[in-house]
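S.K.: Input: one structure, supplied below.
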């Protein structure tokens, strides 16, 4: 079983942000240090963490927010990965580079490293900020809508939010797409940015000044949309993985309010022997890992890209995106 580096890191960040009265996190911090070592040791021959650089960077960031020193070797692994462009693909690359940059900025700001290394980390964090700006699309989104809050946190943490035009454009795009942030994990990424903060600010919170303003909220159930729709579902697998590009191309009937995940389930129910898929649960929701027996794997440097025809990448995950009647959706095995 893989180390739970990312999940524990997120939990510790959330725990610190709630201003706990005692310090039950001490043993959890020790566990996170252990996971960071296991994460790398379990995959040493591959030259990258057993989980991902995203989770590894989150682990370093969480330890820094808890004012814990990290071995220089651990930090160097992230610096090397950034310098050699090993931090992922598409929106995932923005997510990962942003998390790593926040970890660098935190270590430098909290003075948890020596002067020489601090200068390297400062330069790397500002380099990531420039990379975020260069990755911005004409719609203001950086990577995808879910990676945009991470990029905005980098601008805030490095102090470039006042001088970088990409910051205002990305913030405007974020405000136009707030409906996409419907899970606890995605809300946790966007809320600090809307208030002008990054995760680094958790480390300097004055808990005695925090008011207990949390109150339960009655959530209204989603409105039922009557009727049905039909979605054209395609599965594409180009060379070198497959000799035939289009492996599946069928109309799939589904309820009018169905998400892409619901459409996939409907396709599997219609043709249980021909259409099969698997997902992996993540804090951001289910992630598509296997379609028609073809598995996307990090070591193969491929992933299942979600597009609406003819070639527009989706900005939401499979559980959040709700296709329109008559829309053509493409699941394409792609390389990063």
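Cβ atoms here come from the backbone N, Cα and C positions, even for glycine.
Predicted automatically and left uncurated, TrEMBL annotations should be read as such.
Below, the features straight out of TrEMBL:
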- 51, 52, 53, 54, 55, 95, 144, 189, 304, 305, 306, 314, 336: cyanocob(III)alamin binding site (BINDING)
- 64-106: disulfide bond (DISULFID)
S.K.: Specify the count of other C-beta atoms within 10 Å of the C-beta of residue 51 (cyanocob(III)alamin binding site).
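M.R.: Around the Cβ of residue 51 (cyanocob(III)alamin binding site), 23 other Cβ atoms lie within 10 Å.
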S.K.: Drop a 10 Å sphere on every Cβ of the recorded positions 64, 106, 306 and tell me which sphere holds the fewest other Cβ atoms.
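M.R.: Candidates: the recorded positions 64, 106, 306. Fewest Cβ atoms within 10 Å: 306.
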S.K.: Near residue 55 (cyanocob(III)alamin binding site), which residues of its chain come within a Cβ-Cβ distance under 8 Å, counting only those 6 or more away in sequence?
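M.R.: Listed in sequence order: 5, 6, 9, 39, 49.
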S.K.: I'm trying to understand the geometry here, so how far is the Cα atom of residue 306 (cyanocob(III)alamin binding site) from the Cα atom of residue 64 (disulfide bond), in Å to the nearest whole number?
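M.R.: Here the two Cα atoms are 35 Å apart.
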S.K.: Quick one: among the binding-site residues 53, 304, which has the most Cβ atoms sitting within 10 Å of its own Cβ?
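M.R.: When each Cβ's neighbours within 10 Å are tallied, 53 leads.
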S.K.: Given residue 51 (cyanocob(III)alamin binding site) and residue 106 (disulfide bond), what distance in Å do their CA atoms have, once rounded to a whole number?
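M.R.: If we compare the Cα positions of residue 51 (cyanocob(III)alamin binding site) and residue 106 (disulfide bond), the gap is 22 Å.
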S.K.: Using residue 106 (disulfide bond) as the reference point, find which of the binding-site residues 53, 144, 304 has the shortest Cα-to-Cα distance to it.
M.R.: 53
S.K.: Using a 10 Å radius around its CB, how many other CB atoms surround residue 144 (cyanocob(III)alamin binding site)?
M.R.: 19
S.K.: Which one is closest to residue 64 (disulfide bond) in space, judged by CA to CA distance, out of the binding-site residues 53, 144, 304?
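M.R.: Nearest in space to residue 64 (disulfide bond), counting only the binding-site residues, is 53.
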